[in-house]
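Quick one: the structure is below, questions incoming.
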Amino acid sequence: STMRERKTTDPLHSSTDLSEGKEKLRLKQEVGLISGVSLIAGTMIGSGIFMSPEWVLHHMGNPASSLLIWAACGLLAMFGALSYAELGTIIKESGGEYIYILRIFGPFPAFLFAYTSVILVRPAGLAAVCLSFAEYAIAPFYPGCSSPQVAIKCTAATCILILTIINCLNVRLATSVMNIFTAAKLLALLVIVVGGLVLLAKGQTQSFQNGFQGTTAGIGAVGVAFYQGLWSYDGWNNLNYVTEELKKPEVTLPRALMIAIPLVTCLYLLVNVSYLAAMTPSELLSSGAVAVTWGDKVLGSWAWLISLSVALSTFGSSNGTFFSGGRVCYIAAREGHMPGILSMAHVRCLTPSPALLFTSAMSLIMIISGSFTSIVNFFSFLAWLFYGMTISGLLYLKIKKPELPRSYKVPIIIPIIVLVAAVYLVLAPIIDQPQAEILYIVLFIFSGIIFYFPLVRFKYHPRFLERVTLHLQLLLEVAPTTKDAN
């Protein structure tokens, strides 16, 4: 059937066992502490720190309060990650929010999450990162003026198509690309940090004088500033998508989070200080690409290095986002919540190519129809809506099922703080500045009901869907994966 309940492994990390006369695919626990830290930090450090500083400053009104927002975002990401660490040691399955919502609240809310995530949230995240890659990749070709939108969108679309080919062809190639580009982004950030420290040593501190003057007080503006800041920290929950592949998950998961997130937070704060040391707040606000403007001011003729480094950084992050983006789609299909074709793997490449192709197609639609800022705000609203639901699930388990075995416990005050923050981030922009787009998003989430009851609850599978699945299998050369023997 097109949408049937199945429990399969990820063909990306599989081993074979021929002892019973047929091939079985099993998850291999290959991700250790260093790999876990790289996965979190490598996905977190993407486009946000190079794009969002001007928008955080714009919504907050001054440098000091914008730095407070960056620090608060780091703290909130840390609290959220520690809460997820406990969930990951209770429910030791891959899939992140989807699998937690499924196991705690049941199939209906899990389906709504998967439906929204696969069609909107994940493609929106990928589109935003690729748009920022495009901004920096073509900025050197338009010196002294802003790049045309057509060129930016065409470059972003090309980026998505290249990522699709890389990820569909070879898993090892995709992971190698992510490791190489992670090194490039760390180098770019360190260059900016060192440059900023040199400027501060020379006495360029005018941006920090009267730092809190003109602070914005509106709850909606602060909420949107948080959206832009938290976008830069997105990825703090990525390790929970690969729980089944962690070596000693009960130890590796919390340790990797405690190393990666404080490291990224410190880097982000130092980079923001460097931006403000090199530019006045008004210069920063008028910059289309903050890091490029910083490079022009500080590095002079070597400024092209920053554009190159940032383009490499955002490309690497978009590869990481794309790599994990198909995972929710794939796991939801294996649980029977998405069309069966999306849980299949290429017969030779052993990559979940249907899930990756679907994510790619949705991301291209996002690029055509939206801008970086609108996509980020819309992405953040949806993401924090589901983060809040997941955290409330943890609170339910802590209060109602304290007897469940867990190797790591987070103090109950931490998930409470994250839940309050999630409620604020979801409600503040609606209360302060109601927008029709938010209503459309909520309507879209509940439009999943139309598909859930006939296709999932009552398992009605139209014959034409089965024929479409068969034709797609032949066209894409994919087949169902075997059940997980574990």
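For all residues, glycine too, the Cβ spot is worked out from N, Cα and C.
Below are the features listed in TrEMBL for this protein:
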type	residues	note
COMPBIAS	1-10	compositional bias 'Basic and acidic residues'
REGION	1-20	region 'Disordered'
TRANSMEM	31-52	transmembrane segment
TRANSMEM	64-85	transmembrane segment
TRANSMEM	97-118	transmembrane segment
TRANSMEM	154-174	transmembrane segment
TRANSMEM	180-201	transmembrane segment
TRANSMEM	256-278	transmembrane segment
TRANSMEM	298-317	transmembrane segment
TRANSMEM	354-372	transmembrane segment
TRANSMEM	378-397	transmembrane segment
TRANSMEM	409-431	transmembrane segment
TRANSMEM	437-455	transmembrane segment
Within the same chain, where does the transmembrane segment (64-85) have neighbours whose Cβ lies under 8 angstroms from its own Cβ atoms, ignoring anything closer than 6 residues to its ends? I mean 6 or more beyond.
53, 56-57, 96, 208, 211-212, 215-216, 222, 225-226, 229-230, 232-233, 236-237, 240, 253-254, 257-258, 261-262, 264-265, 268-269, 272-273, 387, 390-391, 394, 408, 410, 414-415, 417-418, 421
When each of 31-52, 378-397, 409-431 is checked against the transmembrane segment (180-201) for Cβ pairs under 8 Å, which one has the most?
31-52
Between the stretches 154-174, 256-278, 298-317, 354-372, 409-431, which wins on the count of C-beta pairs under 8 angstroms to the transmembrane segment (378-397)?
409-431
Which bits of the chain, at least 6 residues beyond where the transmembrane segment (354-372) starts or stops, bring a Cβ under 8 A of a Cβ in it?
51, 118-120, 122-124, 126-128, 130-132, 135, 153, 156-157, 160-161, 163-164, 167-168, 322, 325-327, 329-330, 333, 341-344, 378, 472, 476, 478
Tally Cβ pairs under 8 Å between the transmembrane segment (256-278) and each listed stretch (31-52, 97-118, 154-174, 409-431, 437-455), then give the stretch with the top tally.
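Answer is 31-52, with the largest number of Cβ pairs below 8 Å.
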Counting only residues 6+ away from its ends, which parts of the chain sit with a Cβ under 8 Å from the transmembrane segment (31-52)?
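Same-chain contacts beyond the ends: 128-129, 131-133, 135-136, 178-179, 181-182, 185-186, 189, 228-229, 231-236, 238-239, 242, 245-247, 252-253, 255-257, 259-261, 263-264, 267-268, 271, 289-291, 310, 313-314, 316-318, 320-321, 324, 372, 376.
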Which of 97-118, 154-174, 409-431 has the most Cβ pairs closer than 8 Å to the transmembrane segment (437-455)?
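Checked against 97-118, 154-174, 409-431; highest Cβ contact count belongs to 97-118.
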Which residues, given as numbers and ranges, are at least 6 beyond the ends of the transmembrane segment (409-431) yet have a Cβ under 8 Å from it?
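Sequence-distant neighbours of the transmembrane segment (409-431): 76, 79-80, 82-83, 85-86, 219-220, 222-224, 226-227, 230, 377, 380-381, 384-385, 387-388, 391-392, 394-395, 398, 438.
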Looking only at residues six or more beyond either end of the transmembrane segment (97-118), which have a C-beta under 8 A from one in the stretch?
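Answer is 87, 91, 237, 240, 328-329, 331-332, 335, 337-338, 358-359, 362, 382, 386-387, 389-390, 393-394, 396-397, 444-446, 448-449, 451-452, 456-457.
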